[in-house]
């Protein structure tokens, strides 16, 4: 599923600096689809790799935080040294953080990640203080060093729950999914649908992670033999990524994530052991972290920056970052990771022919 993950990261890039005219999925909906894939992968690795929640948490921290901190330092360095930021200026940021409350909020959400989604719902009060806002237009989100990192906050909340969710019976998990989806639909059909507070609220998006776990359980029941239909599912999902932008607005938050959940078991069966696909998937994370900073650099120094040039530079920076961090990550994981083991729950049984996948 690595190519799928990279295409979703590209869709986020395309939302911030359009380079493709096709009706490609919007960046926000691409992130929602990431959540479903994350649910699938976390169920997979918890089933096959970790013998305790602590080892899982440690691995997630090693995999994600060093690269995040690196991208954060690059963004802050660009702002301080060259007044480069996608949405704000050095002067505006200095004025904002002169308020101790605002500084504390930005420092916490930038370093600890958790809570970044709420920056979209808060505005800065003249004279000091914070207040809730209905839309992102005047929110403090624009001052975040990595404005796209809000999705990591929801991921972290899910990671905290994942070791316990994968132990749940399917009936219980499906009940939680139904509650989350009902909340999402209720908000979407109410007068609160335009409030930015609900746009990235974890309880409204939990169903995506949960459906990913269910998709993994379905995958475990499939025969291990690869069929041509598995590749058809992959091709259909790729086509959907590039066409789903034409669906009605009210269907956008559901169309691609649901299609992904249906296709994930078959796609992973076909591509789970393909080294190139796995490599492409791994670089999607640093690509996601770095792309907005590269866009900001081009917009600073070029009057009419060319989209594909930005993409190539972003990809080059991504590969350098991956090469820099992968040896460290592997070393730390070898020091902390337990020996692969049997499944966490007796209702999840793995294919003996499918190797462990690192995410």
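Each Cβ is built from the backbone N, Cα and C atoms, and glycine gets one as well.
As stated in TrEMBL, the feature transmembrane segment covers range 308-328 out of the listed 308-328, 329-349. Transmembrane segment is the annotation TrEMBL gives to one range among 147-166, 167-186, and that range is 147-166.
Range annotated as transmembrane segment by TrEMBL, chosen from 32-50, 89-107: 32-50. A Cβ distance under 8 Å defines the sequence-distant neighbours of the transmembrane segment (231-248), meaning residues of its chain 6+ beyond its ends; these are 3-4, 7-8, 11, 20, 22-26, 29-30, 255-256, 259-260, 262-263, 266-267, 270-271.
Here the transmembrane segment (198-219) does not touch the transmembrane segment (62-82). Their Cβ atoms form fewer than 3 pairs under 8 Å, with each pair 6 or more residues apart. For the transmembrane segment (147-166), the residues of the chain that approach it from at least six positions outside its boundaries are 12, 16, 31, 34-35, 38-39, 42-43, 46-47, 50, 52-53, 56-57, 60, 64, 68, 72, 86-87, 109, 113-117, 119-120, 141, 173, 176, 200, 202, 205-206, 209-210, 213, 288-289, 291-292, 344-345, 348, judged by C-beta separation under 8 angstroms. Pairs of Cβ atoms less than 8 Å apart link the transmembrane segment (254-271) most often to 32-50, out of 32-50, 62-82, 283-302, 308-328. Note on the domain 'Acyltransferase 3' (4-324): mean pLDDT across this stretch is 95.
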